[in-house]
Amino acid sequence: MVPERAVILAAGLGTRMGRKPKGLVRVAGREILYRTIRLLQENGVKKFIVVTNERYAPLYQEFIERHGFDAEIIINPEPEKGNGHSLHLAKEKVSGKFALTMSDHVYSRDFIERAVRGRGLIADREPRWVDIGEATKVQVKDEKVWKIGKRLKEWDAIDTGFFVLDDEIFKVTEILENEKNGDYSLSEVMERAKVSVTFVDGLGWTDVDTPEEIKRARRMLVRTAVKGTGDGFVSRHLNRRISTRVSELLVEKVTPNQMTVVTFLLGIISALTTLVSLPLAGILYQLSSILDGIDGELARAQLRTSKLGGYVDSILDRYVDGSFLALLAYATINEPIWYFVALLALLGSVMVSYSTERFRGAFCRDAYKEVPALRKLPGKRDERVFLTMLFLLYQIAASIKALFLTLAVLTNFRVALTLYFVVKKVSHPKTI
């Protein structure tokens, strides 16, 4: 069961960030706090309590009102004390189960989906995006926190800064308030309470304490924003390696819609170039295919995904592919029989995408997730575009005819297999 409330600790003075609230630092086009709240909302958390200091309270209040979040500010008048004290200040605002996280931690969507359904301290045994030397280590015994701290020489996992607790934790903070005069860390609370540990390994999360770490967080968000399920061989091994690096440079400057337009125009230019230079047209076509993944990467990294955006992008891709093959046929083919072959190639190219998109429309599910066999079939758009470029690099009539014949057979064979696998899947009453 997902907790309905979350406490976000944001009382630190952020001295290493130029005295700017770390929760309001923008990473990949969005404030860190916006990311945390938005992703928690998507997973069922409804109410948020932000514990901050007097200086930053007006800034956080304006942020909350601007975005319409159901959140409440609690002021910590003594932010120089440990963050355990900040947690204690929220005790009157939560009851039962609640999530706890830090305002300077950046999490990916898949991390939040797993973590919010965990229990106790969420730990990572395979951290990919943090500096191990600076991270808080955890020793685990009997599935509970045994020891915790940055200087542990022997440890089992890294503290991710995300917790799923209940109000029993405030009995421990009350004891530490009296023992430590309010100056104690969250780590002390977890070690004293011996909270449970849930492992969420190898997913995207990191903390942002310095300007340099913003770059690491940005890279993490872009790299974990790759869709993956519908990618073909060329995308996995070539296109994404390039597009993610470009996305890292653009994610703070360009919107997904702007990138969609740029990619579409480049695709149309590549089609027109078939009338001038086939090798150049092929190269531009492949370049447009590489860049075609950027709008989706930006949308997911910036939390700007929309059904409309995906719909428009899919339509424009069909126009690019249709224009390219039609103009290529016009520029290179003279015999009627090869016009027919080119027509089959064009129809097959359109139907490859239509067959999977129509599945989504009919069953409201991703065809590649529901029918995993489709992932292994050759003929996805990235593979067809790359193949087209290779054929066009050799300017002889036979290579163009071979291209159209290959595309005609490959695409229509793939559509036939897609139809077969879908019918087989749907015919089983428990599959859809």
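Heads up, the Cβ atoms here are built off N, Cα and C, so glycines get one too.
Of all Cβ atoms in the shown protein chains, 27 besides its own fall within 10 Å of the Cβ of Ala11 (CTP binding site). Annotation comment: Swiss-Prot describes Leu9, Ala10, Ala11, Lys22, Glu113 as CTP binding site, evidence class similarity to another entry.
Annotation source Swiss-Prot lists Mg(2+) binding site at Glu113, citing similarity to another entry. For Glu113 (CTP binding site), other Cβ atoms within 10 Å of its Cβ number 16. Look at Glu113 (CTP binding site): DSSP puts it in a helix.
Swiss-Prot lists 3-225 with the feature region 'MobA-like NTP transferase', giving similarity to another entry as the kind of evidence.
Annotation source Swiss-Prot lists region 'CDP-alcohol phosphatidyltransferases' at 226-426, citing similarity to another entry.
For 264-284 (among others), the entry in Swiss-Prot reads transmembrane segment, with the evidence type sequence analysis.
Within its own chain, the transmembrane segment (337-356) has Cβ neighbours under 8 Å at 230, 314, 317-318, 321-322, 325-326, 328-329, 367-368, 374, 379-381, 384, 401, 403-405, 407-408, 410-412, 414-415, 418-419, 422, counting only residues six or more beyond its boundaries. Per Swiss-Prot, the feature transmembrane segment maps to 337-356 (among others); the stated evidence is sequence analysis.
Sequence annotations record features per position, and here Swiss-Prot assigns transmembrane segment to 385-405 (among others).
Tertiary neighbourhood of the transmembrane segment (264-284): same-chain residues 291-292, 316-317, 319-320, 323-324, 326-328, 330-332, 388-393, 395, 400, selected by CB-CB distance under 8 Å and a gap of 6+ residues from either end.
For the binding site of CTP, formed by Leu9, Ala10, Ala11, Lys22, Glu113 according to the record, the largest Cα to Cα distance is 26 Å, rounded to a whole number.
The Cβ neighbour count for Leu9 (CTP binding site), using a 10 Å radius over every protein chain in view, is 27. Non-local neighbourhood of Ala10 (CTP binding site): Pro21, Lys22, Gly23, Leu33, Val50, Val51, Thr52, Tyr56, Tyr60, Met102, Ser103, Asp104, each in the same chain, at least six residues away, with C-beta under 8 Å from its C-beta. Summed and averaged per residue, pLDDT over the region 'CDP-alcohol phosphatidyltransferases' (226-426) gives 94.
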